Each structure stands twice: as structure tokens, then as C-alpha cells.
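Annotation comment: Swiss-Prot describes 1-30 as signal peptide. For Phe77, Phe111, the entry in Swiss-Prot reads phenylalanine amide. Summarising the annotation, Swiss-Prot assigns region 'Disordered' to 137-156, 226-281. Annotation comment: Swiss-Prot describes Trp173, Trp254 as tryptophan amide, evidence class experimental evidence. For 271-281, the entry in Swiss-Prot reads compositional bias 'Polar residues'.
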Amino acid sequence: MFHLKRELSQGCALALICLVSLQMQQPAQAEVSSAQGTPLSNLYDNLLQREYAGPVVFPNHQVERKAQRSPSLRLRFGRSDPDMLNSIVEKRWFGDVNQKPIRSPSLRLRFGRRDPSLPQMRRTAYDDLLERELTLNSQQQQQQLGTEPDSDLGADYDGLYERVVRKPQRLRWGRSVPQFEANNADNEQIERSQWYNSLLNSDKMRRMLVALQQQYEIPENVASYANDEDTDTDLNNDTSEFQREVRKPMRLRWGRSTGKAPSEQKHTPEETSSIPPKTQN
């Protein structure tokens, strides 16, 4: 019995030694395989350069998350990695102009102006026509200045620069601003003013106004006994303007009134002295 127990203890010790040796050999084999193949650092760098969905999980169960979400390869505070910039192929247009700082393809500034430092993206037929017209105008100006040095430059500039007639202004929902011809409107206004002046200066209108004035001023009994000849002579002779209308009695606040006409309110010192004092009964 004692001999069997001793053999069992030796077998267990040997088994433990074998397990320990196997566990010690596994990391060495992993290091050898990693040294023969690509290292994990290069794999991690490659993963950082690409867009991947999840985090990187290492064999030691450590989780490494991507520090930069965007593929711009930027470090903190706006700095870029100098090692990664060499592998990037920059997209360029028309020479050495970089595409990245240009936001819009039209290269336009505010208020329709273009950046003079950058060339135009596309050349149209309108640009060619404009350039040709400018060259022709400059040649004509040089010829005119060479032949007639004392000529009037104002007439030349008036002929060269003419205002372009714009299209009629359009409003929203298909409406348009009504455009009237200026000549017709001016002629109508002139004719209307001439007609008004002729009416004011005519004898018929003046007689009608004088008749209205006399109708409201002369009492009815006097107007009934007046002869037709007298009225005609009065109309011909009376060229005075309308008299100022007599104002109504002065009104005070809160509905009160003086009860007197404006002519009766103020009396001169002579009138006040001539008025006898009231006697008390």
C-alpha cells in the first residue's frame, strides 16, 4: 500500500510539471509567430487609417478605441500627423490650387465678385465675346486719339457706354409691375394741365363763380327785383375774388360759447367811452 501511494504521488507531480511546461511554451510560440508575421502595432495603425465599425480588441482582452473619428488624420489643437501626410494623395485643380480650402466650385466672393487670385473654372462664350468687344473698343479709342488728338472725349464715352435696357421687373406668383410709356404719360399730363388752365382763365367759369357768390350773398327780395341788365353789368364789372367767410362765434371748452361774433368781442376805446353806463332802476 505504501509503495502504491508513493507511485501515485510521483505520477501527479510529473503531470503538474508537464502542464506547467506546456503553459510556458504557449507565449513563446505566440511571440515567434508574431515576429515571423506582421506585428500588432502595424495592424493597429492600418485599422486607424480606415473607417471601422467597432473597437479594436487585442488578444489580452484589452479594448482600444479609435482616438480620431474623422479620416482627416488630425491630432489635438488642429495639428496633423506628419508621418501620415506623405501617404495622402491630394486632389488638385488647374495647377497648384488645393481643393480643400475651396468650399464652393464657383470661387465666388460676396455680392457676385470673383477672387482675382484664382483663375476661372470654366470659360464661356460670353467671356470670349466680352473680351473681343473690349479689345475692339480699345483699338478704336487709340485710333481716334491718334487721328484727332483734340476731339471731345465726352462724346466718345457716351457712345461707348450705353445703359442696358433691363427686362420688366417680375413679382411673386406670376405678377409683373405695370409699365407705362413715359412719352404718353407726359403728353397726357401736359394736356390735362392745359385744359385746367383754360378752364380757370375762361370767362364762362369766372361768371359761374361770381354768380354763385352773389347768390349766397344777396338776399332773395333784392335778387327778385334786380333787372337782367343790371346783373349783366355787375357780372362784367365785378372781378373781385371771393371774400373771406365770416367765422362762427368763438367756442370755449366744455361746450361753452361767448355768444358774440369775433367782430363784436373786441371794442375800441372810443366805442367803450361812447357806450352809456347802465342805470339801476
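Each residue, glycine too, has its Cβ placed from N, Cα and C.
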Which whole-number value in Å describes the distance between the Cα atoms of Trp173 (tryptophan amide) and Trp254 (tryptophan amide)? 56
Counting across all protein chains shown, how many other Cβ atoms sit within 10 Å of the Cβ of Trp254 (tryptophan amide)? 5
